[in-house]
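Here is the structure we will look at, set down as structure tokens.
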Amino acid sequence: MGFDHRMETDQPPVVTATLLVPLQNGSCVEAAEALLPHGLMELHEEHSWMSNRTDLQYELNPGEVATASIFFGALWLFSIFGNSLVCLVIHRSRRTQSTTNYFVVSMACADLLISVASTPFVVLQFTTGRWTLGSAMCKVVRYFQYLTPGVQIYVLLSICIDRFYTIVYPLSFKVSREKAKRMIAASWILDAAFVTPVFFFYGSNWDSHCNYFLPPSWEGTAYTVIHFLVGFVIPSVLIILFYQKVIKYIWRIGTDGRTLRRTMNIVPRTKVKTVKMFLLLNLVFLFSWLPFHVAQLWHPHEQDYRKSSLVFTAVTWVSFSSSASKPTLYSIYNANFRRGMKETFCMSSMKCYRSNAYTITTSSRMAKRNYVGISEIPPVSRTITKDSIYDSFDREAREKKLAWPINSNPPNTFV
């Protein structure tokens, strides 16, 4: 009767405090659960789960935190420096801006965006063991973490389409500069709209934690599957199919036309090297971001803070490694990019050597002032009057001129 009387009076805090006292004793848990109403039981379960969450935030070893910080710091430096260098080198190539340059700059900007707007905050959460920037910032960080891979994979698909028509059907369709710009803009705008549900799924009820994974509800599961198919599986399959056709075409030309077309340049070697570079770039990107999507499909429950934190940090590090690997691949497989880096780091007091179509020996003071100097070989005495006519068709005679190229028009970076 006393219990019923207290329930009828408007004193819920007294009831809550009275009924939560037996919960401190393990032998009285069943009796307390029988007395607690359904709403108060849910309140107690949520309170105990959040308390366990707070306790588990301090279970990370200092060695784990230090190791993750070192690896993330190294990748962050490589990504910031490398992708900034890519943008700078291509910006200096003002003579002929190819469509490939636009795609490469777009991917470099996406890598810089995730390096600035997402990765530092993930490392901060891992090292401090809690989220101290609020729920709104949590949504923004997770949004950029979903935005950048979707943009990059569709830009890679655009590069694949460009390479396919450039090599297999060079006369039927051409990706011009305007088409490349529209393809890049469509990749950014459509993917930015596609990942907007992240703002509704992420965030938490308290300010000390930012959810790592999408919620295991049917809405979260449905969006995870749709995002995995549209943002990863479908473009990956299209990329594989296009490159398969390109490789088959190059292989067929190399085998069937070896005897009949030995002197004909059907597929330029530079384009074949570019295809190899982007093929390797696609493989690195797909294998780097696959663990992230698998972890999201797995939907691990975040009641074990240590496990979820380690899993999320590992898959984030693997996915972020693709941002640092792109400039490395450019410098290894593209001689023009290496030449552009040398020209970028070359100071006015240094001597720059270019392995270009020009024959360059040393950079004189006249060349440093962006003047073009031409020195001709003195003509040899002719005994036959027809030699002057033949010289106009003689390649060696026309190439006996030495010229310094103008620094304001450096060569194209990606061919």
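One-based numbering along the chain as shown.
Glycine is treated like the rest: Cβ placed from N, Cα and C.
Here is what Swiss-Prot says about this protein:
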- Cys138-Cys210: disulfide bond (DISULFID)
- Asn25: N-linked glycosylation site (CARBOHYD)
- Asn52: N-linked glycosylation site (CARBOHYD)
- 1-69: topological domain 'Extracellular' (TOPO_DOM)
- 91-102: topological domain 'Cytoplasmic' (TOPO_DOM)
- 124-152: topological domain 'Extracellular' (TOPO_DOM)
- 174-182: topological domain 'Cytoplasmic' (TOPO_DOM)
- 204-221: topological domain 'Extracellular' (TOPO_DOM)
- 243-277: topological domain 'Cytoplasmic' (TOPO_DOM)
- 299-309: topological domain 'Extracellular' (TOPO_DOM)
- 333-415: topological domain 'Cytoplasmic' (TOPO_DOM)
- 70-90: transmembrane segment (TRANSMEM)
- 103-123: transmembrane segment (TRANSMEM)
- 153-173: transmembrane segment (TRANSMEM)
- 183-203: transmembrane segment (TRANSMEM)
- 222-242: transmembrane segment (TRANSMEM)
- 278-298: transmembrane segment (TRANSMEM)
- 310-332: transmembrane segment (TRANSMEM)
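The DSSP breakdown of the topological domain 'Cytoplasmic' (174-182) into helical (H, G, I), extended (E, B) and coil residues amounts to 6 helix, 0 strand, 3 coil. Between the transmembrane segment (222-242) and the stretches 153-173, 183-203, 310-332, it is 153-173 that has the most C-beta pairs under 8 angstroms.
By the Cβ criterion (under 8 Å, sequence separation of 6 or more), the transmembrane segment (153-173) is not in contact with the transmembrane segment (70-90), since fewer than 3 such pairs are found. Proximity of the transmembrane segment (103-123) to the transmembrane segment (310-332) is established through 3 or more Cβ-Cβ distances under 8 Å for residue pairs spaced 6 or more apart. Under 8 Å from some Cβ of the topological domain 'Extracellular' (124-152) lie the Cβ atoms of residues 57-58, 60, 65, 68-69, 106-107, 110-111, 113-114, 117-118, 187-188, 191-192, 194-196, 198-199, 202-204, 207-211, 227, 231-232, 285, 289, 292, 309, 313, 316, 319, all in the same chain and six or more residues away from its ends. Residues 97, 99, 102-103, 158, 161-162, 165-166 of the same chain sit 6 or more residues outside the topological domain 'Cytoplasmic' (174-182) yet have a Cβ under 8 Å from a Cβ within it. A 10 Å cutoff on Cβ-Cβ distances gives Cys210 (disulfide bond) a total of 22 other Cβ atoms nearby, all chains included. Cβ neighbour count for Cys138 (disulfide bond): 20 (other Cβ atoms within 10 Å of its Cβ, all protein chains included).
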